[in-house]
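For reference, the structure discussed in these notes is given below.
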């Protein structure tokens, strides 16, 4: 099994770069020269390595010129025009500026976008920019060359692929691939705004979304991987040549992913707007506290103990400041000294702060002392009255439907807030046009019963100079309405296991083959030279995901794999099953295999073979993942539905396995089945999957993702399937309650989703 374990060194804080006066919004790695950062404080800063202490960076240039917050950045490598390199920056002020780093001066001002600039890149000497105004624009030598409407909604990001095409990501939830001004492909799959994009060398495109997930897409538009783990908006994503991925989110974490699994979460005292890899694999993060942090795996570069301890205490201070007790902020509670003041009536209660907790006392009139009642936790009543978004409590959290086919968004509001400030902050956070402001204010007033709030007629939009909303003019957001929504259900689409160590697989096969050759009795089972080169050719096709739409397998390729599955010793077949697992993600490979399955069911044979005693973990893991991957191709839906009860029964003992990867594969199989059988309206199948999912969800000591996927299966089956009543009879309420109490945010959220379903009659 060792070849499947993930070896990973933990990142630790290397240094912190202080200088920006407000949120750091963007990071640009400038070769080995340094790092550029952009901020809400209207500046771009350039940081170079500190000569005395190579662990640290110092601010060497401040670029002033934007009139509002600065976002995307791009690096111009040193050339004749820019001997020390240059920076391209885009801002909320609609401008794109080009800066010469030698002088720190602005050398080009590119004016043309109508709204905030969200992306800038270099394309063979040209600059391409994207904007909330729905256009992509190309600039050459400081002049506009062309512009086109690339999406019907705001564009949030644009990148260039190594092959030369551009990819844009938008509020309309899609990505588009561009050759020139022609859209070659639309990538559909995210359920909310696509906020960040990055290239994953050799594989395709990474996207970060407000739906909380990160996806890896092949250039053909196929989803190769979905990474779920953030509990809020994901703002940015980046990849490293080593195969690692980093993402930054509103949930205050930068997460590091390997082969689709989150291997580390770096906590911050504020939201993480951007995260990027340096060439050496170090990670740079941009945080809303105005600090840039660099993280490293190189022990020699880790910050000294004093700085590490200071950061740990800054984090705990920050979390304390957000902690609430009985709806009150912990830091607002009086200390123990408050108990020196006698009470005024018998039974009067007082909450005081003791350390990190709130403790309630009651006044005992007869004995004239404060009796301790105990620690106060936010009871269900408090949290029912107050809504929670991203771990923070609010008086209201509205679901706002902008219309125009845009996703529903969460708008938090406290009664004490000024609705104008709330609207402005929210529109900036969601990257929506400020022309929506008046509508949002009226929406808040209407839904909080503040009819008599006075509209502010003196308001002047700081970015466009126009005045407040004038009745009678066409309204942008007239379709705004509130509806109950769930955070994690219904699940759409299938999850697959699409990361593979192809070189490791081939190595294993040739190692096993050599063992067969050396064994006189089994020598005739070994592969010929021709068969070995055939296997290499199969792997080569599988590696080249960007040509899956045009590459193909021959029938003999599949026949060879099936022969090995049948004839090789049980302990040697797992790398072969692993190739089958990847073959079924290839449209051509999947359909050839299906022809063999229809003649004599080679897949059911494989399942029986690997699940019969002695069941080897490596065989189980590869085969359960292979079956899970069949859900990628609808041509297998009939087979999966027909064999459902045998398949689930065969693998059901995987839940009891101590192997976490096996548990996760099993609950992913269950979740895919839930999605398929809901679509097929197969009630008998749904109730089988429901009871399997309930069995997983009951185990509170399981890995988070395994439990989460089972809970999503339960919620989706109850919401859109035919088994809600059965779930109620099986006491799903208790499972929802237990999940809601979990410390893991996403488990608590799906628990709340299911609880809400049980209350809806």
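From the backbone N, Cα and C atoms, a Cβ is placed for every residue, glycine too.
Taken from TrEMBL, the feature repeat 'WD' applies to 17-57 (among others). Sorting each residue of the repeat 'WD' (17-57) by its DSSP state yields 0 helix, 22 strand, 19 coil.
Per TrEMBL, repeat 'WD' is recorded for 87-109 (among others). Non-local neighbours of the repeat 'WD' (87-109) in the same chain are 28, 30, 36, 38, 42, 44, 46, 61-63, 65-76, 115-120, 122, 127, 129, 131, 139, 142, 428, 463; each lies 6+ residues outside the stretch with a CB under 8 Å from one of its CB atoms.
Within its own chain, the repeat 'WD' (148-178) is flanked in space by residues 72, 115, 118-123, 128-136, 184-188, 190-199, 201, 205, 207, 209, 211, 217, 219, 221, 404-407, 431-433, which lie at least six positions past its ends and keep a Cβ under 8 Å from the stretch. Sequence annotations record features per position, and here TrEMBL assigns repeat 'WD' to 148-178 (among others).
The repeat 'WD' feature in TrEMBL is assigned to 187-217 (among others). Beyond its flanks by at least six residues, the repeat 'WD' (187-217) meets 156-162, 167-171, 173-177, 223-228, 230-239, 241, 245, 247-249, 257, 260, 407, 409, 430-431, 492-493, 545-546 of its own chain at Cβ-Cβ distances under 8 Å.
Taken together, the residues in the repeat 'WD' (227-258) have a mean pLDDT of 94 on the 0 to 100 scale. Summarising the annotation, TrEMBL assigns repeat 'WD' to 227-258 (among others).
The repeat 'WD' annotation in TrEMBL covers 283-305 (among others).
Here TrEMBL flags 362-458 as domain 'PFU'.
If you look up TrEMBL, you'll see 487-757 marked as domain 'PUL'.
Same-chain residues lying 6+ beyond the ends of the repeat 'WD' (227-258) with a Cβ under 8 Å from its Cβ atoms: 6, 8, 11, 195-201, 206-210, 212-216, 264-277, 281, 283, 285-286, 295, 390-391, 705, 708, 745-746, 749. Helix, strand and coil counts under DSSP for the repeat 'WD' (148-178) come to 0 helix, 17 strand, 14 coil.
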